[in-house]
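Annotated in Swiss-Prot:
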{"type": "DOMAIN", "residues": "3-484", "note": "domain 'UvrD-like helicase ATP-binding'"}
{"type": "BINDING", "residues": "ALA24, SER25, ALA26, GLY27, SER28, GLY29, LYS30, THR31", "note": "ATP binding site"}
{"type": "DOMAIN", "residues": "522-867", "note": "domain 'UvrD-like helicase C-terminal'"}
Amino acid sequence: MVFTPSKEQEPAINDRQKDILVSASAGSGKTAVLVERVIQLMETGLSKDAKPSERPNIDDILMVTFTTDAAKNMRDRIRRRLVGATDEHMKAQVARLALANISTIHSFCEQLIKRYYYVIDLDPQFRLIDDAEQQLLKEQAWQATLDDWVANPDQVGALHQLIDNFGAGNLESVVQALDTEADAQPHPSDWLAGLSGLYQFEEGADPRQSAFFKRLLEPLVGPQLKELRDQWAALGEVGPARFAEQVEEDLAKLATTVDDQGHLLGSWDSLAQTLNKKNFAPKLRKRKDDDDPELLDELGVQRGGLRDQLGDLHDTYFFQSAADLVKYGQKAGALIEILTRVATDFRCHYQIIKQDRRLLDFSDLEHYAYAILTGENINPKVTWSDEEARAKRQAAAQVQAELQRHYKEIMIDEYQDTNRLQDDLLRLLHKSGQNHRFMVGDMKQSIYRFRQADPTLFKDYYDQFSADGQSSEALDLSDNYRSRHEVTDLVNLIFEQLMDQQLGEMVYDDKASLKPKADWGADRDQASPATPELLLFDGGVKKTTANPTGEDAIVVRQPEDKVASEVWLIGQRIRELLAKETILDPETKRVRPITPGDIAILSRAKRIHSVIAEQFAKLNLPVMVHGVENYFKATEIRVVMSLLKVIDNPYQDVPLAAVLRSPLIQVAPEVAAKFGLSQGENRIGFTEPELAYLKVNSTSKDFFGVVQQNYYAWRDQEVEAVENHDALTEEELAERVAGDPAGLATKEELGVNCGLIYLKLARFFELRDHLRRVAQRRPLVDLIWTIYQATGYLDYVGGMSGGPQRQANLHALYERASGYEESGFKGLYQFIHFIEQMQKKNDDLGEATTALAGDAINVMTIHKSKGLQFPIVFLVETTHQFQADRDPVTIEPQAGLGFTYVDSTANETMRVKHPLVQQAALKEKKKRQDRAEEMRLLYVALTRAEQRLFITGYVKDADLTKKMDKWNRAFDSASPLLTTTTRLKGQSMLDWIMMTLVRTANFPTLREGVEAAATPLRGLTKAAYQIKLQNADQVQAALNTPLDLHPNATAEQATPAAATSRQFKADLERVLNFTYPDQVATQTTAFQAVSTVREAFARQDPTNLEMGRLEIDRDQIKEAGAYLAPEERAFENPAFITGASDQEPTGTAIGTATHLVFQKLPLTEPLDEGAVRALIKSLTESGLIDNPQVAAGIDVAGVVSFYQTGLGQVITAHPEQVHREVPFSMLLSAHDLFSGIGATDDSEVLIHGIIDGYVQHDDQIDLFDYKTDRISQAHPEEDLQELADKYSGQLVLYADALTKMTGVPLEKIHRHLYFTRAKRVVTLSAPPSSHEPKEEA
């Protein structure tokens, strides 16, 4: 589809020769604008009067994105725009696209380091480490730091001061927090050294003159005090004369504290005295002559609230005299200087450990790249002389100048998530008058402050560029092409009342508000109503109805906890959507039923995800969970970790019980059947009665002793009772144990089968002993992979709910164990200890990522949803309270560090805690920053919705009345913007949402007495919405009520209630109990690989080939190797008989390796011999190619030549449509396939194979197959013809399989063979009705 920019977008695409910042609201098409600007720069040049020869190439433009996926998306979009270009310059860009710098900031820095490492004397042979490995190394660095300080008599006393103040346990976390913040600064050491500045005061000067007061305290307190003063003045305007006089007195006092601009007045001590609420008279007493005593009483209450707020300001910030502020500030400053010295030493140790092992973390990439451009020495092991330092700075200046000349424009996406180091780094690539910056972002979507992103950078640039307008400009994109107006109206209504500079760090004005521009077509009013819904589960109403009974009941128990209750409410609404309602298809804009893949559930935290997965499984709602509360709490990880603990030390009761109860211990179905059990009955894991039986039949105190005693007692008893005990199998032993009358009463009481218990015990000890041998002899990663293979657990979890995510988690555990060992750490015990330490710190290694599910409801955090959009969005758990700051220190990168000072010198037996004003001010600043982040998270969540928006929460009856009082505080403001105090009182997203809705005309009465306290406020954005409260009875009844489908619903979209109907159960039993009627056929040769029968396809009648039918005899089949009966098989003699050498690589091995190279080659990068050789080296080092002689036998030139052919060019032009190594299986009639060999009419042959590759484009498919056959130099054409005939039938089957897989007609599938040795493409069909091979050089 051709992109046509709007008038709003045109300046962002066409403006030249200036730095540009684009503030692009959600859904404004910023990616399309970025791509179009790149295309226009290459088409028209860097200036309006640029000559054709001056136009830049794609690799002259630096494009920095926030994520790897975003970079890939950008590259793909540019490629699609370039393909088909007619201009020679633009056509040339297709080939140059592989050279383009389109990457994340870290990838760009890595390229820079690998190219210019010599500037800073860095070893170029480094390896990047992940978060887990980083944490291990930091543990070592911290221990080394402590050892140094303890060993130094001059420092050990200072270390004790830190431990006295922060505690031994907290000190490490404080230092590591400082280290993390320092990493985001251009000059970490300078930043650390400046932290004590917040506590420095000039001798004899009032604290009001300090940097602390001017930079931190006044910006916080001044505006808030002015807001209080204004509210105070408004009270005096409506009250009686006596009250007005009191207010006048109050205002006279306040006038000495703050001016109209929010600047504080007077000295520190005068402010402390005036702001004390005791300085303001209490509430007026009623008098008989009062005209309106009720009004006076109400006004008195409001004034009392303002008086209390004033008192809070005093008690929070002005509780100390100026003298005490200076005194304790100096003591705290001295302690911070010690702390920063420890932090600096820690960073030095950590850096040395990494350099000794040639390791880099992600922050190193940025710092080393920055050093390359500045010539700074950041290597603690190297000291430069003055001459060396000067030479390094000159070399850095040359690199910087070279890059500035090379990059004609620097484009940065998601600039709001940039930190100060990244900002400085990118500015070094810019030179005024030589190149320009194009920065795109949206401060309203900056949600990564916890990763040291600084959204104020974007705001500063926006203000600066807006004021300039000449050499730079700021542009706004607020037109929304994503969402229906019902969604954007609600978003505007909420944020015009919530977001401003004081609490939100920006103003939500007309430039920031969303303007709906999405075209939903002519059917836009035919879909179900798109009014946003606020769904609240009322947990205060007790459940009164009995649980339903009968086979058709879905919900037979209502969960008591609020999280599960809210999930039932969500499930109920989704169930209704799937059964009854429609949306507009995002692509066709036609009305269609809603499918699970249309729905996304977004949450602030992961804690609700596991509950959703569990409860939705009961509702038969398909779900894909992207992220659980904690990686190590995922069931599959806990099971494997329990097994690792048991392998290390079996005398651990909880891990042992977890293993025994898990699917790791299984009895084969056919064995279980011999004990009268069905295939699924009690054969997977030990049941609770079985474990209880083991316990009561043992005298051991520890659980492993219980298990051992039962197993060996049974085994020894039964083995001794049999003469030929060597021939006794475990199954026979189990049968004897099952008949053993010992413990019969207990068996009958517990309902267990001793034979089955014995088999499970035997399986456990067999598995444990095998894995212990592996653990003793092989690396940790081999042990973990052996667990997966020996137990089949990796496959087992794949069949569970959220299977792909669970499998990804297990693969990630393997990878993390690999990283653990690569860091030099060894041993199972140490690995387990490391994991336990991570868990104690509430740290997490991060869950493995999975792709979005197209056929299931996607569940993810708001952070995960950034950059995505969905037709229907549920924002859930909005009543979850904002987190309070409980850290021992408060760090604000631009302000400083706050903590509580502990004085242990004043009294030998007592430690005195002194709260510091700096700590209070930093906590308040941090709180506001956190609230601003929560506000932006709410914005991101709401703007993911295209058509339907649902907001859910949980409230209780008693809490609802209290909450309504809080929400009604919105009426304290007579303007659309809520007061800062009101917004700060909001403890959850739901609080904020309800505060913004309560002043609208359509706010309903939630319950009797629970309603808006005043008349609606005029001037607010008009937005439709619904608020629904439902209790347990209502939700349960709805879930158990069968739903009538809308006329367009398919069977797959039927109500999930049908999933539990009698018919479904009958169908399920029929499937589970199904007996395959042709079991014997599975033991024949009806399973054939395409490669084993391809000879049978040679020189066939083309008509028969098209029909999938062959006329061949038995000898031909035998020659092809597809034997019909076991007695006719003739296997080749093994190498030890024939004497064949296993040193020389076979043609098959080389062919397999060549196919692997074709499969792994990145199609978006330059495909030359260097790239191929580098890939072969990588595959060899990783063990995928395990024989160097095989690697040497790969025809590198033959691989490269393929991509220089016409077919190869088609492939590289459509990399996203290329599919490689595609497996398939299909059933063909044996009678049709092998006519003439006596196959019965009802026999079928399962053909399986792997298609080397195909590319689907322009409604057709090019199917290609690589061949490494030898070609005679004397008769190459004859050989090619013969080989083409030989393989033609094989490609007919491939084409037939592709037709069934893709739906593309056979006549539109072109078949090609590529012979690597001849470097030739032979086209067998174009279309398949033409059977004359066509050759292409």
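Glycine is treated like the rest: Cβ placed from N, Cα and C.
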Neighbouring C-beta atoms (10 Å sphere around the C-beta of GLY27 (ATP binding site)): 24
THR31 (ATP binding site): secondary structure state under DSSP, collapsed to three categories: helix
Overall pLDDT of the domain 'UvrD-like helicase C-terminal' (522-867), taken as the mean: 79
Those residues of the chain, 6+ apart, with a Cβ under 8 Å from that of GLY29 (ATP binding site): GLN9, LEU477, ASP479, TYR481
Residue among binding-site residues SER25, SER28, THR31 with least C-beta crowding, 10 angstrom cut-off: THR31
Winner by Cβ contact number (other Cβ atoms within 10 Å) across the binding-site residues ALA24, ALA26, LYS30: ALA24
Beyond the site residues ALA24, SER25, ALA26, GLY27, SER28, GLY29, LYS30, THR31: chain residues whose C-beta lies within 8 Å of the centroid, for ATP: VAL33, ASP442, LEU477, ASN480, TYR481, ARG482
Assigned conformation of ALA24 (ATP binding site) - DSSP reduced to three states: strand
